[in-house]
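The domain 'Amidase' feature in TrEMBL is assigned to A:24-471. Per TrEMBL, active site, charge relay system is recorded for A:LYS78, A:SER153. The active site, acyl-ester intermediate annotation in TrEMBL covers A:SER177.
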Amino acid sequence: MDFHLATIKELRQGLDSKRFSSAELTKYYLDRIKKFNKDLNAFITLTEDLALEQARAADKRIAAGSQEMLTGIPYAAKDLFCTRGVRTTAASKILENFVPPYDSTVVARLRAAGAVLVGKTNLDQFAHGSSTETSYYGPVHNPWDLERNPGGSSGGSAAAVSAGLVPFALATETGGSIRQPASLCGISGWKPTYGRVSRYGVIAMSSSMDTMGTVARSAEDLAITAEAISGFDPKDGTSGKLPVKAWSKNLTRSMKGLRIGVPQEYFVPGIEKDVKEKVSMAIEEIRKLGPKIIEVSLPMTSYGSMVYAIVTPSEISSNLSRYDSIRFGHTTDKANDLYELYAKSRAEGFGDEAKRRIMTGAYALSAGYRDAYYTKAQKVRRLLVNEFHEMFKKVDILLCPSTPNVALKIGKAADDPLFGYIADQLNIPASLAGLAAMGVPCGLGKPDDGAAVSLPIGMQILGPQWGEELVFQVGYAYQQITDWHKQKPVGF
Amino acid sequence: MNYEPVIGLEIHVQLKTRSKMFCASPNNPDETEPNRNICEVCTAQPGSMPVINKEAVHMAILVGLALGCEIPEYSKFDRKNYFYPDLPKGYQISQFDQPICGAGIQVVEYEGKKRPIRITRAHLEEDAGKLIHEGSTTLVDLNRAGVPLLETVTEPDFRTPAEAKIFLQNLRNIVRYLGVSDADMEKGHMRCDANISLRPAGSQDLPPYKIEVKNLNSFKSVEAALNYEIKRQSEMQESGEKLTSQTRGWDDSKGITVEQRTKEQAHDYRYFPEPDLPIMHFIRGDVEKIRAELPELPAQKEERFISEFSLQDRDAGVLVNDKNLAAYFEEVVSELEEWFKEERLEADIAKLAKMAYNWISGDLQALLKIEGIDPQNSRITAENLAELIKMIHQGQVSTTAAKRILEVMFETGGDPSHVAADEGLSQVSDEVAITAVVDKVIAKNANVVADYKGGKKQALGFLVGKIMAEMKGKANPQVASRLLEEKLH
């Protein structure tokens, strides 16, 4: 069986009917990772021994009939999720040798569910970026065209699922880091409502926006993983108490009567021709299912990138303060006093993007500037949140492109510190507002420069906060009438 | 020129919660093994997050209500960013502009004058760890990192160092009465920074500078450091030197303050709302429920002791300063009232209370201090002490004998009538027995009797002494004296 083409649901059926064991499945994926990772650089760490051990335990559980939906299913975790006893680097030098003494809540939940961790995936250093090129461990290559980046910051997770190295992977999103790489790699990605999934134990980027989600092959698989990792966590003061429903059992819903908004601001100038065309075609496909499609306007969203450019580095500058070399992490050997210990350890340990954000953030929060920058940005953010709130009284769901372009060539982003901020326009507003969102593949196309390639294009489905059920249902409905999510990159 | 000091205080009180402010690690200030009470949160491991300790919030509101502070409808935490090895996250979670307790007021009484001191605010934050310097290396102990602190800030309303000290003592008493802190300054449970500047007497303006004095580790050092600063600053002003804002540290051994930091070197803490914690909303009804939990506070108790037991202000103050002593005192007085009621005797509460006060604050407290224990933990129950006081009151034992009985009770825990009997310390008030001895002494000392009758009044004392000696000190001297005088007339 071609395991790498299988969905979680299919693997579940195979494991439960004893057609194959979790150990076989795990070995199969580990072999694929070993075979393809040198081309992709999607993994920073492989956890082979742990995986085989977890797989054997899962097989026992299945034999005893006490399995859950993810028991025995291999997965990868973005290397931002703390894993007890397994090195967690955040793709940085400063945490090159950091082995967490504890599990993040999400990883603990998957451990309890019997899922099998095969490795830790590459990302932009500390998730700062949208191309997975800022990793200390080198860039990730897009399985659809190895010369191109997979998007980011969850590029390693997206590339791994896209190339069939795992059936699903944990990812995180602060401003597009799930939806964008999922789109550029031709897979499905779920960005949860802020507070839906515990942030505990996931290395923080921007605390008021960070969300922990998954990338997988279908909306249905996303719903399965969402059920396993969602829910209140007493260790995360910002996690919500809303109940987790059986989303994967409740995917079928008539689109008739649904009010679907298409925000004009999301078809920004500079959006590639094929992207615009394929997303518009996808919306037309959905129209055939009977919902009311309404053109809407969200004028505040155009300020999203500006707000993000202040709030995110501000929180980052503070969140990265704990990397002071005293309790863990890279320590300089050139320090003569305490100041030098801090300054040199951090200068040596952090990459350029982290330094850029620390400086920007410290500036935006400093006395005399805080009101003009941070405080004002938070006020604008409030207006943006209110705008979405009002919008979701008029429509049930929003559809728009996930990215303005198909995957870009590696290196294009490196010399441009503002790279990504423009593309972020499409992702950031929903992150600032903490919405439930999903990216689904909706076609293949070529870039505007006419390169002779066929690359994935994605559409995003935005729902209100806590609107996961409807988001999954719309994604599922679309994937029932199209096959774009079943497209595979050649050679994998 | 005459100067008037302008003094404000910032006081940190460690709250006695079971776990730390933002994690489940135990809050134990007595832990001696370094880095024992730590976890991924208070050591700031990557990915860890704080959660608010409800017990600390509850305690903070209790203190706020006791200080007459407004409790706002909502309150939030903020990050105060700075680097130091005892601060694992590189920021302290504190409260910037929405503290848990708003403005309040406390009355301070000094030299018979009562003055209101305005409280600006009180906010919750986390303590830092401790650095241990060993030769050229410095070690970090994070047992204290994350322990809840309540920081109370006053307006610059103090005009004398003594007022500041009294305020601090009152605050210590309040948090002890509330059971939220041991507030032992020597142990660092309570820490104080003082801001002091001088202005020309009669001026109402705030001086254009402010000296912050740190490292004040006892009530005594607060008063001493402020007195030192008054002298230093007035001398500088007299000699025409310009004072600028700075932070100074108190050197207790030398009795001086030393410059630590000038305003130019002041930190920019880059405060911003803590995104890892939700905003706290306080519902009126919940706050009122907490208010209903407030026990009788020291000031109220002091007033009641004065009105109910006619205690002197000073005496009431001594008792109230020690929650346990005050409670013990009340128990003793209430036992005495019971006794007198049972025996249908006329009781003078004021007199009994005064006696109880004298015995408790005098002889008993001296014994307690030697052992370093609370009255509740001594072998002398309130009931037994009350009985002893009753015996003194009724003349069954002399004051001298009672002191000895108290010592025996303290050691053995016996009840006073048995101790008195065992030690042969019961006082004889039996008039028949004493009259027999009086007759005997008169017969034996005819010369002295003659002297007395001849007008030498002091001869009576000699004769009483003889009676006491004859009775081995057990005679009630008042009874003996009266009987003797009757016989000699």
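Along the chain as shown, the residues are counted starting at 1.
Glycine residues also receive a Cβ, built from the backbone N, Cα and C atoms like all the rest.
Following the DSSP three-state reduction, the secondary structure of A:LYS78 (active site, charge relay system) is strand. The residue listed as 'active site, acyl-ester intermediate' has a Cβ environment of 36 other Cβ atoms inside 10 Å. In the three-state DSSP scheme, the residue listed as 'active site, acyl-ester intermediate' is classed as coil. Mapped onto three states, the DSSP output places A:SER153 (active site, charge relay system) in coil. Across the domain 'Amidase' (A:24-471), the prediction's mean pLDDT works out to 96.
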